[in-house]
Amino acid sequence: MSPSRPGFSCSWLPYLLVLPQLAITAIFFLWPAGEALWYSVQTLDPFGLSSEFVGLSNFIQLFQDEYYLASFYTTLIFSALVAGIGLIVSLFLAAMVNYVLRGSRLYQTLLILPYAVAPAVAAVLWIFLFDPGLGLITHALAKLGYSWNHAQNSGQAMFLVVLASVWKQISYNFLFFLAALQSIPKSLVEAAAIDGAGPVRRFFNLVLPLISPVSFFLLVVNLVYAFFDTFPVIDAATGGGPVQATTTLIYKIYREGFAGLDLSSSAAQSVILMLLVIGLTVIQFRFVERKVRYQ
């Protein structure tokens, strides 16, 4: 006879317990999302005092704007680089710490420190290092015959914001990867080694499948981070330049809505960005998750 499941003495208590979370979701997500959807089909004056229904006109104008399409492409490239490089570097560092016995605590502490730095501060730190006139890295590159000026070179500007964004997120990824690696039974790794599997083969055939749930979770988190949370890095490092080379969708929304006071266009861009992130998340859960092995 199976034991009975513990229940609540009052039928309304479960609903009361989830009410705060539902209220937060409604106030900070559903309400703003609903307003953005409504404003996206309106044309508003700069102060939002008068409006006129225009249907899909705002969306049509966006997809006819070459600068918006360029920011769309920039966002995809930027997000892929931040998520891909961040996950690979973090996994490599976690694997190194996991196999190092001496000084592993020191390595963990040093690798966790960047997570305590605000994104804007992280961008400023890298700006000082890559400053065309005073930066230490810039002077080192100059001695090698390479000229650096991210304010004029779009490729260098993209490299700078990707580097700062990846550096800021490495600590978060590192903690999860290290915990996942340390949870793998050593007996499995030792058995694979006895069977003749080398370090590389053990990693790809044994370790990587076992940590795939964590890898999948971090893939989703890093893509969302690249889409939204890198705004302070871009704003502080390049301001979206040069020539909008580092203007992502989230930064263009800010520029249109807060700097240009084009509320209708920024609302339409917000809706498109929301649908894009939802679509990418659905694709990941439908196709990528199939290769994830849950224990």
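Cβ atoms are placed via backbone N, Cα and C, with glycine included.
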Practice task
With reference to Swiss-Prot, specify whether Q42 and H150 are located on the same side of the membrane.
Solution key: yes
Practice task
Check the transmembrane segment (81-101) against each of 12-32, 110-130, 158-178, 263-283 and return whichever range has the most CB pairs under 8 Å.
Solution key: 158-178
Completion exercise
What DSSP reports for the topological domain 'Periplasmic' (33-80) is 29 helix, 6 strand, 13 coil
Handout entry: Helix-strand-coil residue split for the topological domain 'Cytoplasmic' (179-207), DSSP-based
Key = 22 helix, 0 strand, 7 coil
